[in-house]
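These features come from Swiss-Prot:
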- 177-225: coiled coil (COILED)
- 206-222: compositional bias 'Basic and acidic residues' (COMPBIAS)
- 229-240: compositional bias 'Basic and acidic residues' (COMPBIAS)
- 242-263: compositional bias 'Acidic residues' (COMPBIAS)
- 16-87: domain 'RRM' (DOMAIN)
- 140-177: region 'Disordered' (REGION)
- 206-293: region 'Disordered' (REGION)
Amino acid sequence: MASNVTNKMDPHSVNSRVFIGNLNTLVVKKSDVEAIFSKYGKIAGCSVHKGFAFVQYDKEKNARAAVAGEDGRMIASQVAVINLAAEPKVNRGNAGVKRSAAEMYGSSFDLDYGFQRDYYDGMYSFPARVPPPPPIALAVVPSKRQRISGNTSRRGKSGFNSKSGKRGSSKSGKLKGDDLQAIKQELTQIKQKVDSLLENLEKIEKEQSKQEVEVKNAKSEEEQSSSSMKKDETHVKMESEGGAEDSAEEGDPLDDDDNEDQGDNQLHLIKNNEKDAEEGEDNRDSTNGQDDS
């Protein structure tokens, strides 16, 4: 396993360093890069970053051989951009402008991985991931023109127009026939559903009307029973009042007879008392006469 150091700034290291761009680093790992580039010579260092990688060889000739052999290779479904780090490929926007290694790296600046990443992101324009496939264009069916009825003699070639018209009409007739059949089937299904719904509604209405009639009958029966009960109660009250009056009328003559009997008894007692008084006076008179004699 090679080291991760690929940022040495001495001229020998810079000239023997290979840059791999447009690399799908989500799939390709450090071991994969080493396996691909180790066949060109001994690898002193290898570093993998987001979207690109560096391979540091011991010799410049090995680096140039790797660039010549691997540039444009398909790695993980992406075309890799491979060149020497000291001789980067000029971007299309900067065509014709050459930049030296001193301008790119600096003479006395110690590069780190962050600087390398920012620098090469600006130097090379490549996607970090596999670009999405272009959308599949759906087949567009051209709309058919309606056939204009009229005199065919006005057109150029009547025979050719009639044949093409027949072909177009036959195709459109087939399409229309299929469409009509499908529409008819859908309409029949809809009609069946509507009929079933109407039947259910009629059943519900009939049940509701029956329930209403039953409720009305029950109410009328209750009213009749309550009215009959009231009539019976009034009749009973009237009978009870009439009986009381009759008993009162019957009781009056008895009271009169009792009163008459009591009067007769009193008169009889008075008469007896008078008789007793008279007899007592007579006895007194007789006793007085005897005494005088």
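Cβ coordinates are placed from backbone N, Cα and C, and glycine is handled just like the others.
The average pLDDT for the coiled coil (177-225) in the predicted structure is 90. Sorting the domain 'RRM' (16-87) by DSSP state (H, G, I as helix; E, B as strand; all else coil) yields 22 helix, 26 strand, 24 coil.
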